[in-house]
Amino acid sequence: ESSCGNRSAFKEWRKDPDCLTIWALLTAEERRDDLIAVSIWSVMLSFALVSNILILIGIARNATMRSATSYWFIISLAICDIVMAIISIVHLLPATAFHGQYVETLEWRNIIMLFFYDLFWYTGVLQLGLMACNRFVSIVYPMEYKWMFSRGRSLAIIFFGYFLGFLVSLPTLFPCCHTVWDSSNYITIYQPAETWYKYVDMSVNSLTLLLMIVSYAVIIYKVRESGRAMAKYQLTIRTRQANAMMNVPENGCNRGQLFSGPSVRPPRSQISKKEMRLFIQFFFVSIVFLMTWSTWQWLPQVSESKWAYFIMTSLFFINNSVNPTVYLLFNTQLRRELHYLLCRHRVISENKKRRTLIFNNANGDENGASNHTARDESNGRSNVKVTGSTNSRRGFFVRSSICSTSSATSSAFLNFNGGAKHVIVEQHDEADNESSVSAV
């Protein structure tokens, strides 16, 4: 490592053009800190940009996710993260690498670029609040969800969020409220420092954070109450089934006694696994936002180290990349779509092999079932006929316990390792000439 520039002509190396070159950034001892910061941020921002683009592609490829209004908020937040990542790559990184050679602190280009960054930052913050409201309605008031978050209303809400983000960031274009990038300290600062605009910034972020805390607190309470209600319902069902089985007579096939008595309805408004997965995704995204914003508020008050500011700015870039990371970790549909997109030829080959194996197994099951029926007919026990259709990829099997004159129960069991559509089991008892038809 060597020193850069001419110290006799420039006391401050940031004023020396010879120190503000790529070669000096890579080799000069004075530029070591900048090189570390730019290198780490480049990796973070590249991951944030690529991962958010993949999220958009994955949602666009899946018709179910594309039509669900819940995912529209994910799309909107991904767009905000993409724009902020691009601004950081094309402006903040060069400004940190080349300082005044690229842009001065109070130059209009710096002000304009930070204005657009703030616009999408505040829009993203508002989107997080809207996502919390979306999850709140879907879990606490599921019957009103389709009305409150219809397609038209969801689009209007999202665009209204962008409009509010523009209004909140608009004052930064005026001399009283500039926010600019300080490349020497790796931090965004207010200019002037004691501006009233920082209270606007604090209010918007605090209100959004409060909305998220209240929404998710109520959701967690609702989830716990729902779990208790479902556990109580399952216990009641098991108790009634056990009592019914004890009351079944020793002879005959009295199926009505198995389900005698008033029916027990499941608890209303149960939370689906899909809704819970979306709640977990939005919850973790909101937690990262809480860490980012709270650090921005208190860290400059307790430390003046540029490395403390470096950590604070890094949290903003992590916030841009953690959103798609959480979605990919918890969202099976997105992973499946991206796996097919990135490994398409391999997936197609595996599916062909799987279909061939399923077809061979299905033929073997059909032959075994026909032989079993022939043996039953020869013994004079019963005649079992199974009709139906299925789109199962892994085949199926039927197990029947047919009541004869001395049997106690009659049942038909159907198990699919895939998805079943409709199956009818017809049973004819030769002893009493009675028949029963059951649909599964």
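Placed from the backbone N, Cα and C atoms, the Cβ positions cover glycine too.
Under the heading transmembrane segment, TrEMBL lists 35-59 (among others). Below 8 angstroms of C-beta separation, residues 25-26, 65-66, 71, 74-75, 78-79, 81-82, 85-86, 88-89, 92-93, 96-97, 186, 310, 313-314, 317-318, 320-321, 323-325, 327-328, 333-334, 337-338, 341 of the same chain, each at least six residues beyond the ends of the transmembrane segment (35-59), sit close to that stretch.
The feature domain 'G-protein coupled receptors family 1 profile' is assigned by TrEMBL to 51-327. Averaged across the domain 'G-protein coupled receptors family 1 profile' (51-327), the predicted model reaches a pLDDT of 83.
The transmembrane segment feature in TrEMBL is assigned to 71-91 (among others). Cβ atoms under 8 Å from those of the transmembrane segment (71-91) belong to residues 41-42, 45-46, 48-49, 52-53, 55-56, 59, 65, 103, 110, 113, 116-117, 120-121, 123-124, 127-128, 130-131, 134, 154-155, 158, 161, 181, 281, 285, 316-317, 320-321, 323-324, 327 of the same chain, restricted to positions at least 6 beyond its ends.
According to TrEMBL, the transmembrane segment annotation covers 111-133 (among others).
TrEMBL lists 154-174 (among others) with the feature transmembrane segment. Packing against the transmembrane segment (154-174) from elsewhere in the chain are residues 69, 72-73, 76, 111-112, 114-115, 118-127, 130, 197, 200-201, 204: each is 6 or more residues past its ends and has a CB under 8 Å from a CB in it.
Feature annotation from TrEMBL assigns transmembrane segment to 204-223 (among others). Through the fold, the transmembrane segment (204-223) approaches residues 122, 125-126, 128-129, 132-133, 135-136, 139-140, 168, 271, 276, 279, 283, 286, 289-290, 293 of its own chain, all at least 6 residues removed from its boundaries and within a Cβ separation under 8 Å.
The transmembrane segment annotation in TrEMBL covers 278-296 (among others).
Feature annotation from TrEMBL assigns transmembrane segment to 308-330 (among others).
Look at TrEMBL and you will find 361-372 tagged as compositional bias 'Polar residues'.
TrEMBL lists 361-387 with the feature region 'Disordered'.
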